[in-house]
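K.L.:
Sharing the features that TrEMBL gives for it:
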{"type": "DOMAIN", "residues": "16-461", "note": "domain 'Major facilitator superfamily (MFS) profile'"}
{"type": "TRANSMEM", "residues": "16-38", "note": "transmembrane segment"}
{"type": "TRANSMEM", "residues": "71-89", "note": "transmembrane segment"}
{"type": "TRANSMEM", "residues": "161-180", "note": "transmembrane segment"}
{"type": "TRANSMEM", "residues": "186-207", "note": "transmembrane segment"}
{"type": "TRANSMEM", "residues": "341-359", "note": "transmembrane segment"}
{"type": "TRANSMEM", "residues": "371-395", "note": "transmembrane segment"}
{"type": "TRANSMEM", "residues": "407-431", "note": "transmembrane segment"}
{"type": "TRANSMEM", "residues": "437-457", "note": "transmembrane segment"}
{"type": "COMPBIAS", "residues": "495-509", "note": "compositional bias 'Basic and acidic residues'"}
{"type": "REGION", "residues": "495-520", "note": "region 'Disordered'"}
Amino acid sequence: MGFFGLRGREIQMAQIWAVILPCYLLFGYNNSIAGGFLSLPSWVETFPALDTVHTKGATKDHNSTLQGTVVAMYTLGCLFGCLSCIWLGDKLGRKRTIIFGALINTIGAALQSSSYSLPQLIVGRLVSGYGFGHITATAPNWQAECSGAAHRGAAVMLEGLFISFGLAIGGWTNLGMSFHHGSVTFRFPMALSGVLSIIIMLTTPLLPESPRWLTKKGRVDRAREVLADLTDTDANSVEVGEAIREIETSLALAGEAKLKDIFTNGPLRLLHRMCLACAAQCFQQMSGINALAFYQAKIFEDYLGQTPRAAKIIAASVFTWQTICSPIGVLTVDRFGRRKLMMVSSLGMGVCMAVVAGGSSQPGNTASVGVAAAFIFLFSLFFPTGFLGLTFLYAAEISPLSHRVPITAMSTATAWLFNFVVAEITPIGLATLKYRYYIIYAAINICLTFPSVYFFFPETSGRHLEEVDGIFLDSRNIFETVSIARQSQVVGHRRSIENGREEKEEVAQIEKGMPVPQDR
């Protein structure tokens with residue numbers, strides 16, 4: 001049937017540029033703009049309870065705590081939005097859940113941009129977050145379920161590139177608005193979030209629903225049509241038939257999905273998978289990225305001695321640099337695999353945070369501050385390479401179709417929970433621990449994230465989503481999945497070599513006019 005005449009990779013590219021791009025621009029944008037408002041004169045005048053510019057002592061400490069809470073309300077809303085997807089996600093389908101989330105985010109953006117009181121601002125951030133939580137819990141599933149195994153990693157990793165771009169847009173928007181006066185300096189950036197949501201609502205209905213969700217709901221004929229469009233084949237082709245059978249087999253093995261299932265292992269090892277998915281998102285947030293993303297301008301201004309405008313320029317430059325570095329992960333995730341990227345990134349981020357701690361311990365030393373700033377930039381190379389979009393991809397890949405929505409919803413909720421924790425404690429941590437605060441993140445990256453990925457995270461690269469199920473079905477405990485994945489990869493590689501050798505022999509025999517054995 002086609003979508004506007006598009007088929008195969010053309011549909012997948014349309015999905016990426018028309019829906020995934022605005023979704024994840026919105027992700028980064030929403031995360032970066034609030035931190036740039038905190039020192040604006042109009043912001044302080046409108047919300048004096050959040051003033052940390054003209055206050056000192058206990059009053060400043062109290063306002064810092066409240067400031068962190070208000071900023072973190074958005075992430076708390078995202079947490080609740082993700083959790084509600086456990087019930088809504090499979091009922092509405094992937095597309096309608098995304099549209100619903102975009103609608104709620106638009107309402108939240110309107111509430112925030114029209115705020116004249118702190119309660120309205122808080123409600124607006126909660127509502128906006130609740131809407132966006134639906135998008136983050138659903139978009140990676142939709143994209144992964146519409147992508148082929150060979151290019152799935154690169155396709156979903158583009159989300160990380162778009163998040164970085166959104167962070168950069170937010171940073172430069174804050175800088176641009178700092179040249180203006182009045183409440184437009186924070187109202188316009190907040191309203192812009194709603195514009196991105198409207199784009200999502202307009203483009204999502206134009207693209208196909210997930211064939212896996214359609215099959216799960218018994219709409220097999222429609223799933224065949226969508227798979228035929230996505231693979232640019234006929235609906236009655238062998239390829240489409242095999243794909244449908246794999247999906248149906250996966251669903252039959254799982255039986256009827258129930259929420260309580262993910263809290264027990266059983267033959268599908270659902271609890272094991274959920275813990276891995278949640279751990280990946282926890283490691284992403286506890287890398288220290290959101291201590292930088294939310295408060296980057298504040299860090300450069302208050303703790304590295306920069307002027308307010310210079311701090312905003314440097315913060316926006318960091319996000320721009322992160323955007324430039326993001327294609328590294330996109331181009332390497334299917335070549336080197338998920339595990340290697342996560343391990344290299346965790347070590348790199350840990351070293352960077354340790355150096356930032358050392359450099360910022362002497363704010364009066366220009367060279368020391370320069371080193372700290374340089375390693376914040378270097379951190380922004382490692383983070384998108386192994387953790388920005390990859391954790392969303394990994395959670396979708398290790399979840400069986402029958403329970404993909406609740407597991408990915410729980411994992412994304414975990415991301416927002418720790419996002420909330422970091423946003424809440426960072427102002428207090430910086431005020432009390434100062435440079436020592438960064439040491440915490442250095443230790444988490446090196447001593448927790450790296451060994452956890454090495455020992456417990458199986459490789460999923462190059463496998464169909466239904467093939468990943470086999471890794472967990474064959475494992476008896478949390479330690480076996482890595483070795484089983486490695487062994488199956490070796491067997492698959494040998495089989496492909498043998499098949500290639502057989503094909504060459506067959507071609508040679510045909511060319512010589514010799515009969516070809518029929519038992520192959």
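Quick reminder: no glycine exception, Cβ is built from N, Cα and C everywhere.
Nobody curates TrEMBL annotations by hand; they come from automatic prediction.
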K.L.:
Does the chain bring the transmembrane segment (71-89) near the transmembrane segment (407-431), so that three or more CB pairs sit under 8 Å (pairs 6 or more apart in sequence)?
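P.N.:
With 3 or more qualifying Cβ pairs, these stretches touch.
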K.L.:
Can you work out which residues elsewhere in the same chain, 6+ from the ends of the transmembrane segment (16-38), have a Cβ less than 8 Å from its Cβ atoms?
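P.N.:
Hits for the transmembrane segment (16-38): 50, 52, 67, 71, 74, 98, 105, 125, 128, 132, 135-136, 139, 143, 155, 158-160, 162-171, 173-175, 178, 185-186, 189-190, 192-193, 196-197, 199-200, 203-204, 206-207, 290, 293-298, 312, 315, 319, 389.
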K.L.:
Counting Cβ pairs closer than 8 Å, which of 186-207, 407-431, 437-457 has the most of them with the transmembrane segment (161-180)?
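P.N.:
It is 186-207 that shares the most Cβ pairs under 8 Å with the transmembrane segment (161-180).
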